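In what follows, a single structure is set out as structure tokens and then discussed.
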């Protein structure tokens, strides 16, 4: 078992005592850092960066060299799984991700393979192993996947969407086809996350970026049900240590109670949910991660510190809080402001852990 020098992130997820509130940032390895842009240019394009274990490791470690973060997160993309299913992922300038062969019907679903994580997704596992080696036990490594619903939105829409009419048409006109797709994705994601854990990920997170576009009933049936299946199938212990699982549904603040029933260890909150309210509702069951508005990092340092203080006070004394943004950091945020944020979390949270 690798001895971790700093395990406060894992301890907080398990609601165990910590000295200060741990902090990391969604998309902490990314375009707001000048050094990331240099490595990205070296790789040529985004997927080449993901598929090169050494370069993926380099960008994973870059934010840790700048800031005293309490966790590293694997540099990858949620669309690696659909890509490995053969949908032909490519990136359109200004348009984001696209697929050459979107899923349109049950026959398309039946043809999709369940990818072997050590074969078609072997490059991700190589990156995990490389990052773990290079971290030298400094902080834990987080692995992740998109949720079945969120992955399905890209696969059926053929890329990003604003209104989600194509997948909602399938959901209401041909629910069987969508359930078949979600079931296949749940199996694929379970294998994928378990392979990341075996390769060295010490915690995992499921990103349900688009769960919030659903009605409550549809969220239960088409998103949460399949995340629950994944949580049930995950390795919860590895290398003599519990492997915590965090679920994050953007726009899912009204469903925290149902999410907490899945058996996950923590829930990610976006910035539209009040953390004090969330703790009252589910804090006796799960840890909470979040939840500063990423746009707050455009504010002057004093305002960033004030917001950090407000969120810490909202959560209050005791254990079970991992500080983060409510979604990914924006690409044009000044890197110094991210530094102010991280430093403020550690300095201002000490009083809540005495």
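Glycine too: its Cβ is placed from the backbone N, Cα and C atoms.
Features as listed in Swiss-Prot:
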- 27, 28, 29, 30, 31, 77, 154, 209, 327: substrate binding site (BINDING)
- 77: site 'Transition state stabilizer' (SITE)
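Structure with Swiss-Prot features highlighted.
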{"residue": "27", "record": "substrate binding site", "contacts (Cβ under 8 Å, 6+ apart)": "328, 329"}
{"residue": "29", "record": "substrate binding site", "contacts (Cβ under 8 Å, 6+ apart)": "36, 59, 60, 62, 63, 73, 75"}
{"residue": "31", "record": "substrate binding site", "contacts (Cβ under 8 Å, 6+ apart)": "37, 40, 331"}
{"residue": "77", "record": "site 'Transition state stabilizer'", "contacts (Cβ under 8 Å, 6+ apart)": "46, 47, 50, 97"}
{"residue": "154", "record": "substrate binding site", "contacts (Cβ under 8 Å, 6+ apart)": "79, 82, 97, 99, 160"}
{"residue": "327", "record": "substrate binding site", "contacts (Cβ under 8 Å, 6+ apart)": "26, 250, 270, 271, 294"}
Tell me whether residue 77 (site 'Transition state stabilizer') sits in a helix, a strand or coil according to DSSP.
coil
Looking only at 27, 28, 29, 30, 31, 77, 154, 209, 327, which the record lists for substrate, tell me the maximum pairwise CA distance in angstrom.
23
